[in-house]
Amino acid sequence: MSGTILENLSGRKLSILVTTLLLCQVLCFLLGGLYAPLPAGHVTVLGSLCREDHGRQNDTGFLLYSRGAGACIPVTREEVEQDSTKMANELVHVFQMPLPRDLRDLDYSRWQQNLIGVLQVEFGYDSSSELREPPRELQLTIDMRLAYRNKGDPDNGWKLYAHGVEHRYLDCVSSHVGPTETLYSCDMIPLFELGALHHSFYLLNLRFPLDTPSQMNLQFGHMHDLTLTAIHQNGGFTQIWLLLKTVLFPFVVGIMIWFWRRVHLLQRSPALLEYMLIYLGAALTFLNLPLEYLSLVFEMPYMLLLSDIRQGIFYAMLLTFWLVFAGEHMLIQDAPNKSTIRSRYWKHLSAVVVGCISLFVFDICERGVQLRNPFYSIWAMPLAAKMAMTFIVLAGVSAAIYFLFLCYMIWKVFRNIGDKRTSLPSMSQARRLHYESLIYRFKFLMLATIVCAALTVTGFIMGQRAEGQWDWNDNVAIQPTSAFLTGVYGMWNIYIFALLILYAPSHKQWPTMHHSDETTQSNENIVASAASEEIEFSHLPSDSNPSEISSLTSFTRKVAFD
């Protein structure tokens, strides 16, 4: 058996390969740290108060806007207070995005990919109100209308994008106590999420209808300031991200073809680890495919959901591979039968499968529904929000437990290798040098696996933390840095690229060394061969199972022949 490239590659060539890959890894971090802006940006828009014509409340095509020709005339708070009915069912809160800068109108770019809106509400009660405690889980009914227009359209050329009447629940605290009224400031609430930022300008109209028979919105005093925070992906970050994908995609495809061709040249069926490597490469290729370019031409509101699905498939495959990778090197395979996922790893992988399916269902329940109703949010209902938060926390805890279990498996691998190294002194010097070098290389690869797993789990937990709503009340811009995101993404590609190279079958054929020839080889020749930088590690005679791809996995069944 010729073994793998990891076993047979010369020290000089291996050093060049590792150095090149490490330089590429540093380049990925620098690309995000020096050239890419923050992954996301946000703008805060204070709502303008307008009064609509009587009887047009149910006309969804009637839209009010605050800038441009034909804009509505703003209504002041004093005018509302002086009105006998407080302008009930006539007030519209208008938000026009993006805001102008330096007297110049700005527009959204398709490079910004998506748009999320969250709202902060402030309202007041008269001092004569019977309210004694801050409102908790106070139901607010909102009539929401989202519209858009593009460059070149007239100022009044707004087109309705979505309309819905939704319920939100507010938790508020007292922010100001005055002689005539008490002001309350409420937690931010999710308002809408657009999976595609295809148009240049967006307009949001909010109405808070009052209805006595159904007690709709009657528990509120009167609205004060409404602040909309619009969060978008930064276009500069998207360009760097797509550049990274565009460069990495052909390299991974090419190395997969090369790897699978070498496997099929062998006179045996592919081993389990070889199958897992090609599946992992396929999942990475699907993730690398720069489909985001299509969103620059076509409106694809499902792009966020598709990105989550691609990321989920890759996570599932990567977590599965690490368990199999560590398990195949446990060096305790006493049975000669070929390993299969079902026979050896179903207990370990069942938890991974259940977790990934649960996350997929959770994602479908929110982003799948948002394809038809961008105002829908699983965080809108108190019970659903608590369940979602519990689910996210459990996902983060499960990721940490998985990492600890993987560390335990790799520790067992190291311990088993250490136990079997006691047999090295009884071997011939050539055989001992071969295995010592192989063990050193394998330990380095396992340590690289631990680092990759640690950064992956950290990124996953940070992503789940960003999904939660607990940060909105402090800082809506909390996010991983661009350097971390591009670095981890590059690390996945470099790590899998290296595995496909190092675990590809080596086709070098070495002359058979008989026992008598090996035992009579002089010590001087052995030392001279080991010291040479160009020497290839020869595969010594063994009785290994032909289905194995690494001589290290059969180390425990080797018997010293000295």
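Placement of Cβ uses the backbone N, Cα and C atoms for every residue, glycine included.
Mean per-residue pLDDT, taken over the topological domain 'Cytoplasmic' (1-13), amounts to 76. If you look up Swiss-Prot, you'll see 1-13 (among others) marked as topological domain 'Cytoplasmic'.
Residues or ranges marked as transmembrane segment in Swiss-Prot (evidence: sequence analysis): 14-34 (among others).
Annotated topological domain 'Lumenal' per Swiss-Prot: 35-239 (among others), in sequence order, evidence recorded as similarity to another entry.
Residues annotated as N-linked glycosylation site in Swiss-Prot: ASN58. Neighbours of ASN58 (N-linked glycosylation site), defined as other CB atoms within 10 A of its CB across all chains, total 7.
Summarising the annotation, Swiss-Prot assigns transmembrane segment to 240-260 (among others).
The annotation topological domain 'Cytoplasmic' is assigned in Swiss-Prot to 261-270 (among others) on the grounds of similarity to another entry.
According to Swiss-Prot, the feature transmembrane segment maps to 271-291 (among others).
Feature annotation from Swiss-Prot assigns topological domain 'Lumenal' to 292-311 (among others); the stated evidence is similarity to another entry.
The transmembrane segment annotation in Swiss-Prot covers 312-332 (among others) and rests on sequence analysis. Within the chain carrying the transmembrane segment (312-332), a Cβ under 8 angstroms from the stretch's Cβ atoms is held by residues 272-273, 276-277, 279-280, 283-284, 286-287, 339, 341, 344-345, 348-349, 352-353, 356, 359-360, 363, 402, 406, 409-410, 412-413, 416-417, 420, 442, 446, 449, 453, 456, 460, 492, 550, 552-553, 555-556, all 6 or more beyond its ends.
According to Swiss-Prot, the feature topological domain 'Cytoplasmic' maps to 333-344 (among others).
As annotated by Swiss-Prot, transmembrane segment applies to 345-365 (among others), with the evidence given as sequence analysis.
The topological domain 'Lumenal' annotation in Swiss-Prot covers 366-390 (among others).
Taken from Swiss-Prot, the feature transmembrane segment applies to 391-411 (among others), supported by sequence analysis.
As annotated by Swiss-Prot, topological domain 'Cytoplasmic' applies to 412-441 (among others).
The list of residues near the transmembrane segment (442-462) in space but at least 6 beyond its ends in sequence, with Cβ under 8 angstroms from a Cβ of it, reads 6, 315, 318, 322, 325-326, 329, 395-396, 399-400, 402-403, 406-407, 410, 413-414, 417, 480, 484-485, 487-488, 491-492, 495, 498, 502, 552. The feature transmembrane segment is assigned by Swiss-Prot to 442-462 (among others).
Feature annotation from Swiss-Prot assigns topological domain 'Lumenal' to 463-482 (among others).
Contact check: the transmembrane segment (271-291) against the transmembrane segment (483-503) gives at least three Cβ pairs closer than 8 Å, residues 6 or more apart, which meets the contact criterion. Counting Cβ pairs under 8 Å that are 6 or more residues apart, the transmembrane segment (240-260) and the transmembrane segment (391-411) reach fewer than 3 and are not in contact. Same-chain neighbours of the topological domain 'Lumenal' (292-311): 110-111, 113-114, 193-196, 198, 238, 241-242, 245, 286, 360, 363-364, 367-368, 371, 374, counting only residues six or more beyond its ends whose CB sits under 8 Å from a CB of the stretch.
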